[in-house]
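Participant: Just passing along the structure, written as structure tokens.
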Amino acid sequence: MQWPTLWAFSGLLCLCPSQALGQERGACPDVKVVGLGAQDKVVVIQSCPGFPGPPGPKGEPGSPAGRGERGFQGSPGKMGPAGSKGEPGTMGPPGVKGEKGDTGAAPSLGEKELGDTLCQRGPRSCKDLLTRGIFLTGWYTIHLPDCRPLTVLCDMDVDGGGWTVFQRRVDGSIDFFRDWDSYKRGFGNLGTEFWLGNDYLHLLTANGNQELRVDLQDFQGKGSYAKYSSFQVSEEQEKYKLTLGQFLEGTAGDSLTKHNNMSFTTHDQDNDANSMNCAALFHGAWWYHNCHQSNLNGRYLSGSHESYADGINWGTGQGHHYSYKVAEMKIRAS
């Protein structure tokens with residue numbers, strides 16, 4: 001190879017655009033001389049890169065690669081919406097019978113059942129309460145034969161206790177000059193004076209024998225009493241007629257036997273044996289005859305009084321001109 005030829009070729013190579021592929025202006029290609037032997041030498045000129053040629057045709061797809069190793073488990077995704085309810089499955093076989101449980105508590109009673117139980121097992125009188133160990137005088141609930149509850153004053157101190165008080169006068173705070181309906185239903189104040197009611201008196205005395213005790217106290221504090229073997233009051237259709245037993249004893253004497261078998265009289269219903277209304281005449285309400293030997297529902301007067309027989313009088317005690325400070329009528333089953 002001749003040198004002039006090489007340099008001429010070299011000049012042609014230097015004619016390549018200086019801007020090709022981002023070459024800076026004035027940049028020269030590198031020239032390297034490679035010795036091949038003693039006589040020949042080859043000059044290698046690294047010229048600027050040419051413009052890229054058009055893309056070649058798409059090659060054939062390669063053979064599939066082998067399955068790679070399993071990657072790490074990803075985090076769980078969000079819960080999807082609930083699906084529709086499926087059809088119930090078939091009933092499974094019965095399970096093994098369990099062990100017997102403990103005995104349960106007794107069932108609670110309803111209002112009616114509780115009321116019936118209290119009626120059947122509850123006290124029927126103050127005497128009944130006494131036999132159950134109640135020894136204090138006071139107000140208690142007993143049950144009538146028709147199972148209705150009734151609050152009564154029980155005297156647990158006098159004459160062995162067990163007395164049901166149905167009439168009480170102590171201070172004049174209650175007016176006892178009342179009509180038929182008032183005496184039928186009862187009236188007064190639990191803490192002071194009262195009449196229990198003729199309907200209740202009938203129910204309390206209709207079955208079994210009831211003895212009667214009358215306790216009196218004058219304004220000097222002296223007490224006296226009268227006691228009868230039995231006491232019974234009929235129903236309203238018979239005008240609450242009094243049926244009285246034998247006078248047994250008492251320092252006050254017997255001022256009630258005269259009124260035996262008499263009907264009850266008030267100022268608006270006259271059932272006595274007098275041509276006039278004894279209740280209106282003597283300002284009370286009682287089993288008047290013609291008219292009375294006792295009038296414990298009369299006016300509350302302060303001891304001796306000039307008026308005749310219109311106070312809380314007990315004839316065989318201090319007469320018809322003396323009104324007692326305290327009067328109590330009470331019954332007890334015998």
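Backbone N, Cα and C define each Cβ position, glycine as well.
Keep in mind that this is a model prediction, so the values were computed, not measured.
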Participant: What range among 15-24, 255-264, 305-314, 325-334 does Swiss-Prot describe as region 'P domain'?
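Facilitator: Per Swiss-Prot, the stretch marked region 'P domain' is 325-334.
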Participant: Can you tell which of Cys147, Cys154 is bonded to Cys119 by a disulfide, based on Swiss-Prot?
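Facilitator: It is Cys147, per the disulfide annotation in Swiss-Prot.
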Participant: Same chain only, please: residues at least 6 beyond the ends of the region 'P domain' (325-334) with a C-beta under 8 Å from a C-beta of the stretch. Say none if there are none.
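Facilitator: Hits for the region 'P domain' (325-334): 125-128, 155, 158, 162-170, 204-205, 208-219, 229-231, 296, 303, 312, 314.
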Participant: Identify all same-chain residues not among Asn290, Cys291, His292 whose C-beta atom falls within 8 angstroms of the centroid of the carbohydrate site's C-beta atoms; report them in sequence order.
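Facilitator: Here the non-site neighbours turn out to be Asp272, Ala273, Asn274, Cys278, Phe282, Tyr288, His289, Gln293.
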Participant: List, in sequence order, the same-chain residues at least six positions removed whose CB sits under 8 Å from that of Cys291 (carbohydrate binding site)?
Facilitator: Asp272, Asn274, Cys278, Leu281, Phe282, Ala309
Participant: Three states by DSSP: which one describes Cys126 (disulfide bond)?
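Facilitator: The three-state answer is helix.
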